[in-house]
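Trainee: Right, I'll just put the structure down here and ask away after.
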Amino acid sequence: MAWPRIFQRGALLSRFSHHHMVVFLLTFFSYSLLHASRKTFSNVKVSISKQWTPSAFNKSTELLPVEIWSSNHLFPSAEEATLFLGMLDTIFLFSYAVGLFISGIVGDRLNLRWVLSFGMCSSAFVVFVFGTLTEWLHFYNKGLYCSLWIVNGLLQSTGWPCVVAVMGNWFGKAGRGVVFGLWSACASVGNILGACLASSVLQYGYEYAFLVTAAVQFAGGIIIFFGLLVSPEEIGIPGIETEDNFEEDSHRPLINGAENEDEAEPNYSIQEGNTVTQVKAISFYQACCLPGVIAYSLAYACLKLVNYSFFFWLPFYLSNNFGWKEAEADQLSIWYDVGGIIGGTLQGFISDMLQKRAPVLALSLLLAIGSLVGYSRSPNDKSINALLMAVTGFFIGGPSNMISSAISADLGRQELIQGSSEALATVTGIVDGTGSIGAAVGQYLVSLIQDNLGWMWVFYFFILMTSCTVLFISPLIVRETCSLMQRRQTRVLNE
C-alpha cells in the first residue's frame with residue numbers, strides 16, 4: 001500500500017545526518033545566488049532601457065539632448081531597446097543551453113565542488129563587468145554586452161547539473177519528491193532574493209543592483225569551494241546506493257512502464273552481501289537513450305519557455321501594461337515565485353504518495369491553462385494581480401521544478417545504469433539544456449509577439465506551449481494513470 005511505503009521511506013529520511021542538512025542548504029543557496037543575479041537583469045530592464053535611449057538624457061540643461069545622445073547612443077527608441085533586451089535574454093539562454101550539455105558531461109568527470117565554485121565566482125565577475133563597470137565607465141557597446149552575456153550563460157550553466165548531482169549523491173529515492181520538491185524552490189528563492197536586492201538599491205542606479213548581487217554570489221562561490229561535500233563517501237558515510245538497497249525497487253524510476261506494478265511491490269528486505277561497484281560515466285548518446293529522457297526534455301523545452309518568460313518579463317509586463325513603478329513591479333513579481341515554491345513542494349509530496357510523477361504533472365498543467373487565461377485578464381489591482389500570479393506560479397512553476405529536479409534525478413538513477421552517480425549530471429544537463437533551448441527561442445518570440453500583437457497574444461502563446469508540454473509526456477501520462485488504476489483495482493479485489 002502507498003501509505004506504509006511512505007512510512008518506510010520516512011524511516012529512511014530520519015537517518016539523515018547533519019551533513020545532509022549542510023549539503024541541502026549549501027546547494028540550495030548556491031543556486032539561489034545564481035538565479036538572483038539573473039533576476040537582477042530582468043528587474044532593471046526598465047532602467048536599462050531608459051539609459052540606452054534618448055529619454056534618459058533629456059533632463060539635462062547644460063547640453064542639448066542630441067549632443068549628449070550622440071556620445072552614448074545605442075538605440076533611437078525604447079521599442080528597439082526592448083527588442084535588444086529580449087535578444088540578450090535569448091543569447092543568454094542559448095549559451096546557457098549549450099553550456100548545460102557541456103557542464104553535465106564535465107561535472108560527471110571532474111570534482112563537482114570545483115566546477116560549481118568556479119562557475120559561481122567567474123559568473124559574478126562577468127555580471128559585475130556587464131552591469132556595473134560599463135556604467136561607471138559610461139561605456140555602452142552592443143557587441144560587448146552580447147559577448148559578456150554569452151560568457152555569463154556558459155558560466156551559469158555549471159550550476160544546475162552540479163547541484164542536482166550533489167543532491168542525488170546524498171539523497172536517495174525515498175521521499176525524493178518531497179525533498180527535491182522543497183529543494184527545487186532554490187530558483188524561486190533566488191528570484192525573490194534578486195528582486196529584493198535590486199529594488200532595495202535601484203534608487204541609486206541599476207549598476208548598484210548588479211554590484212550587490214555579484215558580490216554576494218562571489219562570496220557564495222568561495223564558501224562552496226571550502227565547505228561543500230559532494231558525496232557521503234568523502235567523510236566515510238555509506239553512499240545512497242547502500243541505503244537504497246533497503247528497497248528492492250530502489251533503482252526503478254517513478255516513470256517506469258511496468259505492466260503489473262503489484263508484481264514489483266517491494267518487501268523492504270535488506271539484501272546481504274551487496275557491494276557498490278564503480279561505474280564509469282555514461283556517454284551523451286547513452287544518456288539520451290535512457291527511457292523518458294527525450295520525452296521529458298521536449299516537454300521541459302515548452303514548459304521552461306513559459307516559466308522563464310514570467311521570470312524575464314513579468315516585472316517589465318507589470319510596469320509596461322499597468323503603469324506601475326519599477327520597484328513596485330519587482331516586489332509584486334515575487335508572488336509568482338511564492339506560488340512555484342508551494343506548488344513544487346506539494347506536488348512532489350503527492351507524487352511520492354502515488355509513486356508516479358506524470359499524472360500529477362498533467363493535472364497541474366491542465367489547471368495552469370485556466371490560470372493563464374485568468375491572469376491575462378487581471379484587472380489593474382495589485383492585490384488581485386498578486387493572487388492570480390501566485391496561482392499561476394503554483395501550476396506552472398511547480399511542474400517546472402519537479403521536472404528539473406526530482407524527475408531528472410529519477411532519470412539519472414534508473415535501473416539501466418544501476419543508479420550510477422556518473423549519469424546524474426549528464427542527464428540533468430540534457431533535460432535542462434533542452435529546456436533552455438526552448439526558453440531561449442521563447443524570449444525572442446515574446447518580445448516579437450508583444451511588439452506586433454500585444455500582451456494578450458503572448459498569453460495565447462503561453463497556453464499553446466503549456467498544451468504542448470502535456471502532449472509530449474502524454475504517453476507517460478496514459479501509461480502511469482493506467483498503472484495506478486490497475487493497482488487500485490487489484491487492491492480492491494484483494495480486500
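Each residue, glycine too, has its Cβ placed from N, Cα and C.
The feature domain 'Major facilitator superfamily (MFS) profile' is assigned by TrEMBL to 23-481. Marked as transmembrane segment by TrEMBL: 12-34, 81-102, 114-137, 149-171, 178-202, 208-230, 293-314, 334-351, 358-375, 387-411, 423-445, 457-478.
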Trainee: The transmembrane segment (178-202): which same-chain residues, six or more beyond its ends, come within Cβ distance under 8 Å?
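Mentor: Here the qualifying positions are 13, 24, 27-29, 31-40, 43-44, 47, 163, 167, 171, 208-209, 211-213, 216, 311, 315, 326-327, 330-331, 333-334, 336-338, 340-341, 344-349, 352, 393, 397, 401-402, 404-406, 409.
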Trainee: What same-chain residues lie close to the transmembrane segment (208-230): Cβ under 8 Å, and 6 or more beyond its ends?
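Mentor: Residues 19, 22-23, 26-27, 29-30, 33-34, 36-37, 40-41, 43-44, 111-114, 116-121, 123-125, 127-128, 130-132, 165-166, 169, 194, 197-198, 200-202.
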Trainee: I'd like to know if the transmembrane segment (423-445) touches the transmembrane segment (334-351) in this structure, counting it as a touch only when three or more C-beta pairs sit under 8 Å and are separated by 6 or more positions.
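Mentor: Contact between the transmembrane segment (334-351) and the transmembrane segment (423-445): absent.
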Trainee: State the residues, same chain only, that lie 6 or more residues beyond the ends of the transmembrane segment (457-478) and have a CB under 8 A from a CB inside it; answer 'none' if no residue qualifies.
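Mentor: Beyond its ends, the transmembrane segment (457-478) has Cβ neighbours at 255, 292, 295-296, 298-300, 302-303, 305-306, 309, 358-359, 361-362, 365-366, 368-369, 372-373, 375-376, 396, 399, 438, 442, 445-446, 449-450.
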